[in-house]
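What TrEMBL annotates here:
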- A:41-189: domain 'HhH-GPD' (DOMAIN)
- A:CYS191, A:CYS198, A:CYS201, A:CYS207: [4Fe-4S] cluster binding site (BINDING)
Amino acid sequence: MQREKACRIYSILAAEYLDEDTNLNFLDFDNPFQILVMTILSAQTTDNMVNSVKDDLFSKYPDPAALSQAKQEDVETIIKKTGFFRAKAKNIIESSKILCSDFGGEVPRTMEELVTLPGVGRKTANIVLNHAFGIDEGIAVDTHVKRVSWRIGLTDNTDPVKIEMDLTALFPKDAWGKMNYLLISHGRAICTARKPDCERCVIKDFCRYFREQNS
DNA sequence: CTCCCGATAT
DNA sequence: ATATCAGGAG
């Protein structure tokens, strides 16, 4: 994929999904601690499901100090709807302990430090860096970004790290956060996993998958 | 690679 | 009934 073509795709998607008021968030957070915890909870569930437990979770555990001392069973009950609740409860409690012991109770601002937290991989770290601190370290590659960028032909890889390298090479740095948002928006609305609605797709003329379906 | 796990769409 | 959802750890 050439940069010029990628840039064209970006422009079309931006016109479709971005306006001046778009905040680029799917998770409803108030501070870095919240976006960190909520992104850990977002694995293999919907953003709406994570947003629905926000108030119950943070009214009881508003900061790392409080969550680090929580009973795992109590946290499990609150976050159960998000799935993987035992592993996630353990991870957000343990991560809170590390925030207190190693980072002065603050969310660290580097990739290397963030991925030391249990439940935090490269995707979650990229989300925290971009949304909490406005840092474009890379592009968060989740299931939507992976599927849509592969279908379009922005990448030929299936490994998330390689996909991220392809995408960051293709787009200017100040577009990385927006590209993540655009690919997810398009993946949810049109380029769905099961039955993509190619007829209503605004970038079908640039899409490898659409071309192959009609050949 | 498997496991973690509930809610929803198809 | 089964695939899928803002993934990560072992």
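Including glycine, each Cβ sits where the backbone N, Cα and C put it.
Unlike curated records, TrEMBL annotations are generated automatically.
The structure, with features from TrEMBL marked on it.
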residue: A:CYS191; record: [4Fe-4S] cluster binding site; DSSP class: coil
residue: A:CYS198; record: [4Fe-4S] cluster binding site; DSSP class: helix
residue: A:CYS207; record: [4Fe-4S] cluster binding site; DSSP class: coil
I'd like the number of other C-beta atoms within 10 A of the C-beta of A:CYS191 ([4Fe-4S] cluster binding site), please.
24
Taking the recorded [4Fe-4S] cluster site as A:CYS191, A:CYS198, A:CYS201, A:CYS207, identify the other residues of that chain whose CB atom sits within 8 Å of the mean position of the site's CB atoms, giving them in sequence order.
A:ARG151, A:ILE152, A:ILE190, A:PRO196, A:ASP197, A:ILE203, A:LYS204, A:TYR209, A:PHE210
Let me make sure I understand the structure: which of the binding-site residues listed (A:CYS198, A:CYS201, A:CYS207) has the fewest other Cβ atoms within 10 A of its Cβ?
A:CYS198
